[in-house]
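Worksheet: one structure, shown below.
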Amino acid sequence: MSLLQSTQFRPDPSANATRRAWIGAWPEFQNPAAWLVALILVIMPLIANGFFLIEIFATTLILGIIALSLMFLAGYGGMVSLMQLTIAGFAGYMVAVFGMSGNANISLGWPWWLATPMALALATLFGTLGGALAVRTEGIYTIMITLAIGAAFYYFTNQNWTIFNGHTGINTVATPHFWGVDWRSDIAFYYVTLGVAAICYFAVQYVSRAPFGLALQGVRDNSRRMAALGFNPNAHRIAAYAFAAFIAALGGVLQVWNYRQISPGSVSVGACIDVLIIAVVGGITRPIGPFIGALIFVLLRTFALDVLIKFGLDGNRFRLLIGLGFLAIVFWSSDGVIGLWERWRRNASATQSPGGGRHG
Amino acid sequence: MLKGSLGLIALSSLLLSGTAFAQEKIKVGVTATLEGTYTVLGEDGMRGHQTALNVLGKKIGDKELEFVVASTDATPDSAVRAVRKLIEQDKVQILLSPLSGDEGIAVKNFAKTHPELTFVNAASGAQETTYVDPAPNFFRYNMDGAQWQVGLGKYAYETKGYRKIATVGEDYSFIYTQVFGLVLEFCGAGGQVTNRQWVPLGTKDFASVIAALPDDVDAIYLGLGGADAVNFLNQYQQAGGKAHLMGGSIMIDQTILSSKGSAKNALVGTIAASGQADTWEDPGWQKFVKAYQDSFPESKRFPSPSLLATNYYGSTMALILALRQVNGDLSNNQAKLKDALAKIEIDAPNGKIKLDSNRQAIGTNFVTEVVDDGKGALFSKVVKVIPNVNQTLGYDPAVFAKIGLPSRTVPECKKY
């Protein structure tokens with residue numbers, strides 16, 4: 001980690017000081033590969049049809065946003081929180097409860113521009129309170145307490161009929177229509193998702209280099225020393241939870257707009273762990289990791305069944321293929337796909353021109 | 001860098017090629033619960049579907065049916081995701097979906113966003129699916145959970161002499177609908193339902209549920225299915241439970257009666273009601289059982305088809321026959337097919353089925369009792385056959401509407 005940071009901040013003698021600082025803060029603007037990926041993402045509706053656009057790429061971005069919130073906590077704060085999906089699900093439920101849906105006896109019928117901020121605020125509050133509880137613990141105990149919050153929420157939604165409508169969940173959730181655009185139509189929704197994902201990505205990137213993020217990383221590495229320097233480690237951690245909860249909540253709102261329904265299956269313990277898998281497979285050292293992990297996850301989840309049948313194998317075993325895929329990635333690289341990429345880049349630059357090339 | 005962009009170009013060309021599909025085929029998407037608690041039910045549903053294809057063939061005039069299968073896990077989310085994948089990626093024109101109650105409610109709501117396509121319910125049996133705000137393009141050829149309980153309450157009260165019962169059921173729409181049907185009839189006849197317990201779908205530890213079962217009841221009604229039912233029976237037997245049992249439609253079913261181990265023996269003598277009875281002597285049923293048995297080797301099927309196999313068979317049959325009536329004409333947003341589906345009457349293995357104005361099945365129901373065939377295999381034996389069961393269970397629609405929608409506490413135990 002510290003090695004990565006130092007390579008990113010390596011001074012470039014050909015540029016002046018301000019430019020250097022700017023590049024230091026936003027290294028991806030220097031990287032042609034990043035520009036190419038951005039361009040492809042922007043023109044994606046020209047390349048991909050409705051299914052790939054929504055079911056693969058928009059879903060990837062949504063899951064990526066939720067996993068990004070975990071990456072922020074785990075990567076910069078050293079806190080592995082399994083309740084990020086629960087926060088997202090909570091936001092989704094709140095959109096359904098405050099907004100309009102097919103269950104008129106539950107939904108309050110607020111317009112989307114009122115229901116959505118309300119959902120985001122409540123989910124952020126929920127995440128902050130959960131975080132305030134979790135910061136009293138460390139390591140495995142943080143995982144356990146956040147998992148307990150996730151499991152409790154799952155069983156609560158499953159059994160509560162007055163607000164969450166039990167196992168049936170809330171169907172036909174209304175999605176925003178304004179300026180004459182149906183924002184849930186495929187292309188519009190893809191751009192909304194892409195926009196939110198980009199904002200979240202750059203926000204995390206920015207915060208990680210802002211004084212707050214640096215202090216958070218200090219807390220992660222040595223909280224006692226930070227306390228001695230006059231920082232309040234727990235306040236930093238709770239603030240990190242609040243920030244991550246807001247990001248997760250954004251993902252949750254997009255999720256419920258995507259499927260137009262939400263039910264306890266969306267916030268199950270299995271789904272909470274899926275988010276951890278996504279973050280670990282992608283790599284929790286950089287904000288791009290969760291998005292890569294999400295893409296791999298979505299591709300495997302969608303196509304594993306088809307692939308097995310194509311090879312004449314028993315389609316019922318497709319979960320095995322998914323598991324093996326993840327096992328292979330984690331086995332070859334303990335810091336996910338990002339780690340593989342870093343290592344490949346390092347080897348390539350070592351054999352060709354030593355010291356050349358930046359990371360993307 | 002170059003490698004990376006080449007890879008991306010290759011990927012995007014792959015995406016484009018995904019849109020092409022053959023014209024002379026009619027693509028049908030099928031979902032089944034091939035994951036989770038109801039895996040066994042989903043697998044047998046697919047066997048019923050396959051049996052229908054073996055019997056009826058896949059040809060529609062000069063077109064051929066092509067089926068694409070997607071897996072769900074009985075949660076509404078998984079069903080909507082699977083159906084969306086089938087429609088958007090596989091470009092199916094007709095859906096045969098889904099299997100489980102809450103999936104049905106979610107898919108029905110989803111069907112409204114695709115009015116041009118046709119949805120044939122595969123096996124789900126929640127009342128709300130077709131009773132509340134039905135989708136015009138959603139057709140259900142199996143009865144709902146309440147219809148499947150018709151006859152059981154009266155039989156328990158009058159013939160078995162049960163006066164007080166308690167229920168244990170999975171906490172979701174299909175079981176609510178089943179208990180709804182049972183309570184209406186049992187309490188209508190004069191019985192009492194003293195206690196209703198609800199457990200989450202996928203419960204593994206039933207210790208607290210078993211401990212809380214009341215002693216002063218004549219029988220306990222079990223509305224469980226799949227892995228939950230087997231887990232309950234194992235733990236109930238270990239706890240030394242001896243009460244008379246009554247069963248819901250997926251409790252007294254080959255998915256449980258053929259399970260391994262001795263726990264199922266607690267079910268011998270249990271009375272139940274369902275859309276089928278394993279030992280019915282009707283020639284149509286016997287022919288279906290034979291076709292099912294001939295389609296799969298003995299180790300890869302149940303001794304006799306489960307309710308899910310029968311439902312998948314019936315819905316596949318209705319779809320194929322209706323498609324043949326219109327000669328595979330899917331033009332004009334499948335208007336002709338929808339018309340044919342709404343009017344068709346099928347000779348399903350479990351009796352004649354026709355649809356009402358909500359496109360919900362009116363069919364035959366069976367009261368059964370579990371018997372041991374002498375070789376250790378359990379079957380449901382017919383006690384009573386009740387034809388022409390409609391969704392309002394014979395009540396006047398206005399009276400039926402007053403009862404309310406099935407839930408944990410509806411209906412109240414009284415005579416309506």
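Cβ atoms are placed via backbone N, Cα and C, with glycine included.
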Correct range for transmembrane segment (source TrEMBL, candidates A:139-157, A:272-290): A:139-157
Closest-packing stretch to the transmembrane segment (A:57-76), where packing means Cβ pairs under 8 Å, from A:82-100, A:112-133, A:188-207, A:238-259: A:238-259
For the transmembrane segment (A:238-259), sequence-distant contacts whose Cβ falls under 8 Å of one of its Cβ atoms, 6 or more beyond its ends: 54, 58-59, 61-63, 65-66, 68-70, 72-73, 76-77, 79, 81, 84-85, 87-93, 95-96, 116, 119-120, 123-124, 126-128, 130-132, 134-135, 173, 175-176, 183-184, 189, 192-193, 196, 200, 203-204, 207, 212, 216, 266
Contacting positions for the transmembrane segment (A:139-157) when only residues 6+ beyond its ends and CB under 8 Å are counted: 79-83, 85-86, 89-90, 93, 130, 133, 164, 166, 169, 263-264, 267-269, 272
Within-chain partners of the transmembrane segment (A:33-52) [C-beta distance under 8 Å, separation at least 6 from its ends]: 186-187, 190-191, 194, 360
